[in-house]
Amino acid sequence: MQAKDSNPPDGGYGWVVVVSAFMVMGLTAAVLKTFGLFFVEIQQHFDELASTTSWITSVTITVFHLGAPVASSLCVQYTHRTVVITGGLLAFSGMALGFFGLNMVWLYATTGFLQGLGISFSWTPAISIVSHYFSKKRALANAIASAGECAFAFIFGPFFQWLIGQYGWKGALLIIGGIQLNICVCGVLMRPLASSCFLEASHHETETPPGNGASRTDKEDQSTIRPKTFNWMLVRRPEFVLYAIFGILAAMSFFVPPLFLVPLSYSLGIDESWTASLLSILAMVDFGGRLLCGWYANLHVTKSIHLLAMAITLISTSLMLLPLANNYLSLAIFTGFYGFFFGTTVAIHITVLVDVVGMPEFDSALGLFMLIRSTGGFVGPPLAGLIVDMAGDYRAGFYMAGAILVLSAGFLIILDRLQQRKIRGSKIRNKPEKSTLPYPSLHIPKHQ
């Protein structure tokens, strides 16, 4: 049994883990994505500006990203299962306490900070453990797991709107928090693998076959694995820095459209029932974009970074065109374009990160990337809210998001050029070594 568990099974119980991760994605990221339905309700209740209200989402996004390295560190000590369960409890606490709705600062601390920490502690281990269970089918497993965000967002759009209509925004928060307790159930199902690099050293020692060198070898493995989880030296690599800057700019833009899509539709006089369907459309086409891009990327027809750059360019174009909509149909069409290309970006950007740093450094790179990217998620929504307040029009937020994405695509181009230059330099350095040995036999007497 131990020999069987020592390698990723690429199936079997791994699919239970994938389904659990699918649920976790839906109960975390999908909730964050559809929180825009609460925006107008909270803004009107407290009579606050858009920039002030948007700080709730901003705090959630920031804590979600900042908590990723912490979540990874806790996985090292206590396993993925424990951290996911803790995340579920934190997410529930954030929504349940938000029910009291004392003031804006209270919401920053509850539905902002606690909810963001709960999402981070649930999302990060769920993504990580899927990669531990799969090797050859890793891309497929990750695609299925991440699709939970889209599937649940498709359902949550009209469901959250109904909850708000029936129980008010405060009651809706409490019910959603109760639903998020199911994250704990998903965490229980995430059974650790014996070979997982995030298990405790003592767990390794009890699981491995007895022998004088067994525990010593495991301890040596732990000493080599643990530092890789927190390799801060990646910030010295120009390629990683360029990709991190892209991540910051992309995060500044990605969280703006879902936040202001609902208020924009209200400003156009669209009925609330139709407005909720826009978020469902967004989720549906996002789901299709992820699966289609994941399938296409596996064909290796187009270089991953080129595919990402094209997707980012198309997203920015969609955001620039979206404010031109003047009715439900046109708004739904442009929302669909944005959602589809956003899905392609989500499907490919992790693959590009692997290409940039290599698989051995992926775990630490993912934590650092999310940590650095958090600054964009923190600044983006309030900046867009400020621009909206100054312009007096929600369209301004979409123009800002599109412009920043254009800038982010430029860093992808620079990164690609840098990678190509290094490849050419490597080929040039290798050529002289081969050319000096056209006839290996001539060099044999020299070494005798």
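Cβ atoms are placed via backbone N, Cα and C, with glycine included.
Unlike curated entries, TrEMBL annotations are predicted automatically.
Annotated transmembrane segment per TrEMBL: 12-35 (among others), in sequence order.
The annotation domain 'Major facilitator superfamily (MFS) profile' is assigned in TrEMBL to 14-420.
Beyond its flanks by at least six residues, the transmembrane segment (55-76) meets 32, 35-36, 39, 42, 82-83, 86-87, 104, 107-108, 111-113, 115-117, 119-121, 123-125, 128, 198, 200, 226, 229-230, 251, 255, 259, 363, 366-368, 370-371, 373-375, 377-382 of its own chain at Cβ-Cβ distances under 8 Å. If you look up TrEMBL, you'll see 55-76 (among others) marked as transmembrane segment.
Same-chain neighbours of the transmembrane segment (83-100): 24, 27-28, 31, 71, 74-75, 106-107, 110-126, 170-171, 173-174, 176-178, 180-184, 186-188, 190, counting only residues six or more beyond its ends whose CB sits under 8 Å from a CB of the stretch. Under the heading transmembrane segment, TrEMBL lists 83-100 (among others).
Taken from TrEMBL, the feature transmembrane segment covers 106-127 (among others). When Cβ-Cβ distances below 8 Å are used as the criterion, the transmembrane segment (106-127) is approached by residues 20-21, 24-25, 27-29, 31-32, 42, 55-68, 70-72, 74-75, 80, 83-84, 86-95, 97-98, 100, 142, 145-146, 173, 180, 183, 186-187, 190, 366-367, 370 of the same chain, each at least six residues removed from its ends.
Below 8 angstroms of C-beta separation, residues 14, 18, 21-31, 33-34, 37-38, 126-127, 130-131, 133, 172, 176, 273, 276-280, 282-284, 286-287, 290-291, 294, 297-298, 343, 346-347, 350-351 of the same chain, each at least six residues beyond the ends of the transmembrane segment (139-160), sit close to that stretch. Annotated transmembrane segment per TrEMBL: 139-160 (among others), in sequence order.
Counting same-chain residues at least six beyond the ends of the transmembrane segment (172-190), those with a Cβ under 8 angstroms from any Cβ of the stretch are 16-17, 20-21, 23-24, 27-28, 31, 38, 80-85, 87-89, 91-96, 98-99, 101, 111, 118, 122, 125-126, 129, 160, 163-164. Sequence annotations record features per position, and here TrEMBL assigns transmembrane segment to 172-190 (among others).
The transmembrane segment annotation in TrEMBL covers 240-262 (among others).
Long-range contacts of the transmembrane segment (274-293) within the same chain: residues 30, 33-34, 36-37, 143, 146-147, 149-158, 160-161, 258, 261-262, 265-266, 307, 311, 328, 331-332, 335-344, 346-348, each at least 6 residues beyond the stretch ends and with a Cβ under 8 Å from a Cβ of the stretch. Here TrEMBL flags 274-293 (among others) as transmembrane segment.
According to TrEMBL, the feature transmembrane segment maps to 305-325 (among others). Listed as Cβ neighbours of the transmembrane segment (305-325) (distance under 8 Å, sequence separation of 6 or more from its ends, same chain) are residues 250, 253, 257, 264, 268, 293, 296-297, 331, 333-335, 337-338, 341-342, 344-345, 348-349, 352, 355, 395, 398-399, 401-403, 405-406, 408-409, 412-413, 415-416, 419.
Here the transmembrane segment (331-354) has long-range neighbours at 139, 142-143, 146, 150, 243, 250, 254, 257, 261, 264-265, 268, 270, 277-278, 281-294, 297, 304-305, 307-308, 311-312, 314-315, 318-319, 321-322, 324-325, 362, 365-366, 369, meaning same-chain residues at least 6 beyond its ends whose C-beta is under 8 angstroms from one of its own. Per TrEMBL, the feature transmembrane segment maps to 331-354 (among others).
Residues annotated as transmembrane segment in TrEMBL: 366-384 (among others).
Residues or ranges marked as transmembrane segment by TrEMBL: 396-415 (among others). Under 8 Å from some Cβ of the transmembrane segment (396-415) lie the Cβ atoms of residues 239, 242-243, 245-246, 249-250, 252-254, 256-257, 259-260, 264, 305, 308-309, 312-313, 315-320, 322-323, 356, 380, 383-385, 387-388, 390, all in the same chain and six or more residues away from its ends.
Computed over the domain 'Major facilitator superfamily (MFS) profile' (14-420), the whole-number mean pLDDT of the model equals 82.
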